[in-house]
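Q: To start, I am sharing the structure in question, which I have written as structure tokens.
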Amino acid sequence: MPAQGSQRSLLGSLNSTLMATSSLGLSANQSGPQCLEVSVPDGLFLCLGLVSLVENMLVVAAIAKNRNLHSPMYCFICCLALSDLLVSVSNVLETAVMLLLEAGALAAQATVVQQLDNIIDVLVCSSMVSSLCFLGAIAMDRYISIFYALRYHSIVTLSRAQWATAAVWAAGILSSTLFIAYYDHTAVLLCLVVFFLAMLVLMAVLYAHMLTQACQHVQGITRLHKRQHLVQQGFGLKGAATLTILLGVFLLCWGPFFLHLTLIAVCPQHPTCSCVFKNFKLFLALIICNAIVDPLIYAFRXQELRKTLKEVLLFSW
């Protein structure tokens, strides 16, 4: 479990690489560029994790409670919430254990701590990979529902959605295990970066095509109305804003972490790259922020889910 300076590793397997690049960057920065390091207090980090944990637990509870939400679309949303929940749990657990070890409130053998760190690392990596996969699955589900509306229920069945989610979880566990085992191979890091870029391109293409189709649909409906241009312009701006939010949040929250991995593979000893490495904890905080924002974008906008969520909250009281 890392406990040196402000470097807190998301993946324990990267500890040696991160500490080496940090020390090299520090010595280089004495005569090199000034580094901007954004400090994220442990208290704030824990609070973000707990907010994400509670929020995603409510999403899972609401979907499990309401049988009307047992559909392929909500299956993907529920799995996204589970992935984000695991991201939050693993990061909160790792931070809490690290603070207890530093304070001397928790005594454990080095081998036990290392085993716990490896388990947390697998949880973190698998949940991150699965979270990205389910974001792509939600985009594909919405795309099929628009462009193949009449055949949607025959194409996207609940059983197929369940098989797809099982495959995603299995792929997440397998990829995280390989990543932990071969963390020092540049190809492994680059594969993760390519995977992220593929998900980004997939979401951008699908959502942009859906926006174009929606604008054409509105154009056909409003063709006979006098205020056709104003209606089309307003809808186009709203759709563009929605697309910008979807892709902007995705890129802002996930991009810095994968930029970090890219720089580890490309320029681990460069002074400028070492400046980026110093903000690794900030990149983790952004990923947890994504876990907070995901339910607001994909889950809480549904009226049926909001209604069930109120019932869950009233029942809990």
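Count begins at 1; order follows the chain as displayed.
Each Cβ is built from the backbone N, Cα and C atoms, and glycine gets one as well.
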Q: Do Swiss-Prot's topology records have SER71 and PRO268 sharing one side of the membrane?
A: no
Q: Would the transmembrane segment (73-93) count as touching the transmembrane segment (241-266), if touching means at least three Cβ pairs under 8 Å and pairs must be 6 or more apart in sequence?
A: no
Q: I'm a bit unsure how to read this: which one of 38-63, 119-140, 164-183, 192-211 has the highest number of Cβ pairs shorter than 8 Å with the transmembrane segment (280-300)?
A: 38-63
Q: The topological domain 'Extracellular' (94-118): mean pLDDT?
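A: Mean model confidence (pLDDT) across the topological domain 'Extracellular' (94-118) is 73.
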